[in-house]
Every structure is written in C-alpha cells, then in structure tokens.
Amino acid sequence: MTDTSNNQASTDQKLKEAYFTASQGQLIWQRFKKNKSALFGAWVLIILILSGIFAPFLTPYDATISGRDKDYLNGAPQIPSFCDDNGCSLRPFIYSSERTRSIETSFRWVTIVNTELEGRRYLEFFVEGSEYTYLSFDINLPGEALDFRIPGFTFNTHLFGVDKGMIHIFGTDSTGKDIYSRTLTAINTSMAVGTIGVFIAFIMALVIGGISGYYGGFLDSSLQMITDTVRTIPSIPLFMALAAFIPDVWSAETRFLFISMVLGLIGWPTLARRIRTHLLTERSQEYVLAAQLCGASSSHVIRRHLLPSFTSYIIVDLVISFPYMVLSETALSFIGLGLKDPVNSLGVMLQNVTSADVLLNYQWYFIPVIFFITLVLAFVFVGDGLRDAADPYSDSHK
Amino acid sequence: MLQFSKFVAIRASLAILTLILVSFIVFTLMELVPGDCAERYVAFKNSQGAVISIADIEAERIRLGLNKPYVQRWGVWIINAFQGEFGDSCILRLNISQLLGQKFWLSLGLCLTSLMVAYIIAIPVGIISATSNNRVLNNSLRLVSYLGLALPNFLLALMVMLFSTVMFGDSLTGLFSKEFRDAEWSYERVMDFLGHAWLPIFILGWSATAFAIQTVRALMSDEIGKLYVTAAEARGVSGRRLLMRYPARHALSPIINSLGFDLNRIFNELPIVALILTLTEAGSLLIEALARSNDQQLAGAIIFMLTGSIVAINFLTDIILALTDPRVRRSIVG
C-alpha cells in the first residue's frame, strides 16, 4: 500500500522535474500535442509535403508537355472500377478511349469510350515509365572548367499505371497533360515559392526590425515610417507592378526565382514590426543591461541574448506567413503575371478556367483547388496551434 | 481644443509625408518599367503606318518632358497628383482622370461597402462567440474564419461562378446589364447596379469578415476578463447592457484603428476578383494596364489613388479615435 503511494509520489516528482527542466521546445511540443486540430493539421501537412516531394514516383506521368496524352484532351477523370456489364474482374480497370473525327460526328473531334471487354485497361502497380531524377544539379559557372554536374539518382518506377495507354484519375487539360500529376508537382512549386519568399522576408525583417528595435530613437522612427509606408500600399497591386517588369525572354526558372524574391521583398513589414516591438520591450530588461555592463558588443547581445528570447515567436510568425506567400503566388500566376508553363503551380493551372466552356463542360479542372485549400488550411491550423503553444500564458487564458 | 487641433495638424502632416513617400515608391516603379511613354506613342504611330526614326522618339521625349532629371519629373508628377491630375495614359492616350473618374469611385464604393458589411456581420458574431460557452458554435465559427483565410477571394469567386454556371446556367458576372452599361445614372441603373453588385461585395467581404470576426473575438475575450468588467458586474450591471457599456467600448478602438489595413486587404483582392467577375472598374483597368499593355502612367495613377484612399481612411480613423479617446490625443502631442 505504502509502496504504491510512494511510487505514485516519485512519478509525480519526476513529472514535475521533467516539467521544470524541460527546454522551451519541449514545453511547446507538449502543449502542441494537446491541441487535436493542430496535430491533425500537422499530419495532413506532412502527408501533402511528402506527396509533393515524391510526386514523380506517386504520379504516373511527367507533369510537363512531354507527359501529355494526345489521345485524351480535356478528358474526364477516369475512375478505376471492378465491375461492368461484361462482368467483374479482380484487377481494377478503366476504359480506353479514342479521339476520332468522321462524317458521323460532323467532322468534330469526339472522344469515344470503348466499353467492350478488349477496351479495358488494367491498373498495374510499380510500373516503369518516364525517368525522373533526384539530387541532380547542373552548375554553370563562368569558365568551361568550372562547370560540373552531379548526376544524382535516376529512377523510372511509378506507383501505378495501366497496362496499355494512359490513366488520368483527375482527367486531363486542354493539351492532354495529366491533372493529377500536375497537382502534386504544383505542391512542390508552392512550397518552394513559399520557402524562398519567407526566407527573404525573414532576413529583411530581422535586419530592419532588429536595427530599429535595438537602437531605437531617430533610426527607429525613420525606419518605422518606411515600414508603414510599404504596408500602406496594397501588396497585390504592388506585386503586379513588380512582376510586370519581367522581360518575356526570361526562362520559366528565372521567372520562378524572381517571383519568389518579389514575394519576399514585399512580405517583410509585418514581421519586421513584430520583431521591433519585441526587441523594444526586451532591450530594457536587466539581463541585457548586465550583458552590456560586462562589455558585450551590440551584435553579441542581439545574437546571444535577444534573439533566443523570441525564436519561438519568429518560427510561429514564419509558419503563419507561409500560406500568404503561397496564395499571393497563386493569385499572381492566375492573372498571368507570375509563373508560366512549364513550371507548374495552382495559379498556372487555373489560368484558363474562367471561360464558360470550362465552367460548363470541364469541371475537373477545379480538382487541384481542393488540394490547395487543404494545404493552406493545414498551414493555418498548424500555425495557430503553434502560436497557442508558444504562448506560455495560453493555459491561463482559458 | 488646442490639443485636438495640434493632434490633427500632426496627423495631417504625417499623412501627407506618407503620401509623398508612397508617390516616390510608385513613381520609381513606373520608371523601372522597360520602355517609356514616348516609345509607346511613337510605336503607336508606327503601327498606323507612319515612318519613324530615333529623332522622332527624342522629340517626343522632349515634348513629354521625359528628358528632364528624375527628381524634377517626380516633383511635377506629385504636384499634379495632389490636384487629381495624372496626365495622359500612354497606351489609350486619354486623360487618366477622365478614364478613371467614375470607375475609381465605383471601386472605392464597392470596397467600402464590403468593409461595412464585414463589420456589420463581424461585430455581433464576434461578441457572441467571445461570450458564449457553446463549443459547437465556437468551433464552427473558428472553422468559418479559417476558411476565410484559406479560401482566398478569387478562388471563392471561381467557385461561385462554377456553382452558378452549373446550377443556373448564368455566371453572374459584370456590374451592369447590357442596356445600362453606358447609360446615364438613373433610378433603373442604380437598381440594376445593386442587382449585380451584391456578388462582388459578398466575395470581397468574405475574407474581411473572417478576419474581422477573429479580431473582434480576440479583443472581446481579452477585455471581458478584466477587473473593471467584474466591478461593473458587482454593481449590478448585467447582460447586454454590461457588454455594450464596458468591454465592447474598449474593444472598439483597436478595430477602428485597423480599418485602414482592412481596406488595404480588400483592395488587394479587388483586381483579381474584378478580372474573374469581369467587372468594369478600376481594378480591372489596373490589370489591363499592368499585365497587358505596360501602361505605367495608368498603373501608377491607380496604385497611388488606392494608397491615397487608405492613407485618408487611416487619417480619418485617427481623428475619430482622438475625438472619442483622450489618451490617443495625448499620445502623439505628448
């Protein structure tokens, strides 16, 4: 009897010790785990990011024009099924289809679906298909001798495919590109744009907010003036103005880099303001004074004392600002000022959907939207959960 | 009174300073666009069959004053801009104020109405969700506001169009019916306009409402826990009277303060929503100017006017706050 209560007390003691000696990261993680919706969002986010990274394996075809199916333009999604009028099969199958034009169709191109037994295409797993590479870099420095190439790893296995012809589970667009393959690749693009944008915005915010918060005074007022002005200009019109400078001759990859940079260059003011406010309150604390009296330089105080005091806030802010970068890119690409083919992104995929033809006849063009709303929602949930978890007083609020 | 007029003067000069900075940014952007107005004019003449030379372009530059130094041109531009005069559009070769005139006010009206609708919905809903302990209500409101963040307005517009095309066979686009497009303002035209305008207002207000609900909710739950509310409760004030007289009044001033930035957010979405819903107002002109024709004069004018109205709203809200709250008056004047 006493033994169990002793045990109880010692585990309690251990729990308490664990709580008091836990690092900030551990504490945040503890609180974050309790938040079910945020945890769920985190799982969804991880799955989406992984499916973006492994998109070449998970999707049957290349997302660019080289993976097009010229026999199935504007094709409806093909859902594999097990049974039809000709009986059932253990292997799921889809029907093959053909584009023909003859006197019966008034010489218009018409897609005819072959529902006979021989028209079946059976689903297969781990099929060989188009090649894709990971970790392959081409580095082009000025001078012949400095060019070098890391070949990386080349694979050609895809998760699924069909025995003959092609399968398009989300349908195809007007050029016959597989929408499913494009969607997963687009997740990658969005993540890359977001990462570069957030990174640039973060560096600028850190420098500008840091200087203005740490030194204060006249420097602070003038920097704040500039920050406020940039914040006043509506950002998407500003994006549009900046993106309009891109010469037509730039390659899709250069465009991509430029757009991500522009997103970062405009996204910094909010974060900068927050860093400044935090520094302003922190710099008058005793530990900063103590460090200064010990003769620490400004940069030392900022790096070793001030920055660690709000790392968690910065991380949370970065996660929260991520979806805005992604959405801005989408909006920009959508109106044709952002990314362009062959770089895939949701905005690029949605470029032509406002026509009545698409709205009435090809609604599967909108399938990628579901993925993106999920991606952004997951980010918002995780960001919100992290914000609550990083706030040491969040428990006392409730 | 003296303190108040001092406050207004300081705020007004700050607003003008901001506008001048904005104009500098906008003007620099316009300068960075490849090519200039003179080239565009002359290119147009060329397309009409006239034979042109480098000398013609130079002459055109001199005529437009483009050969003057950068700062001087900026000065001229800003002085004209404050008088509402933005010169001629490079491509359309029309006076910009004439071109924009009504369209800009229409856009501003749309945005301000959306903002108003957003707060008319958000204030009661936010207060209810901050005070009620109903889990289902709170969680569903939370989901709605998350959706407001995750579903940007232009995707919402696309979805509405998709839905209405499939269900009603009409895509609900445009601001006027065909017969009223170029008509004079009349009772019928106003009614026709209102019949079309509800959709853009709803779409523009969508994420603004989500944001506003979150803000109101957060502010209210912060204020409700404070001691003065408990004290008022102890004095016997309760129910709606308690909420309206104490915490709601305190929560209001940060909201008024952020109106300008809410308007900014709505302006952000305006061009793209305008493109999707084929509205014929300033937003779509902006896209036209930037994406299609590189018309820097027109684009600059629109961005400047949008920003100008945000600065004006910020100024107005500050004045309103200063009128209602003596602490704000003292904060700047010192």
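Placed from the backbone N, Cα and C atoms, the Cβ positions cover glycine too.
As recorded in TrEMBL:
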type	residues	note
TRANSMEM	B:12-30	transmembrane segment
TRANSMEM	B:104-131	transmembrane segment
DOMAIN	B:104-317	domain 'ABC transmembrane type-1'
TRANSMEM	B:143-168	transmembrane segment
TRANSMEM	B:197-216	transmembrane segment
TRANSMEM	B:266-287	transmembrane segment
TRANSMEM	B:299-323	transmembrane segment
Leading stretch by Cβ pairs under 8 Å, where the reference is the transmembrane segment (B:12-30) and the options are B:104-131, B:143-168, B:197-216, B:299-323: B:299-323
For the transmembrane segment (B:299-323): best-contacting stretch of B:104-131, B:143-168, B:197-216, B:266-287, by Cβ pairs under 8 Å: B:266-287
Chain residues outside the transmembrane segment (B:266-287) and at least six past its termini with a C-beta under 8 angstroms from it: 99-100, 103-104, 106-108, 110-111, 114-115, 152-154, 157-158, 161, 172-176, 181, 199-200, 203-205, 207-208, 298-299, 302-303, 305-306, 310
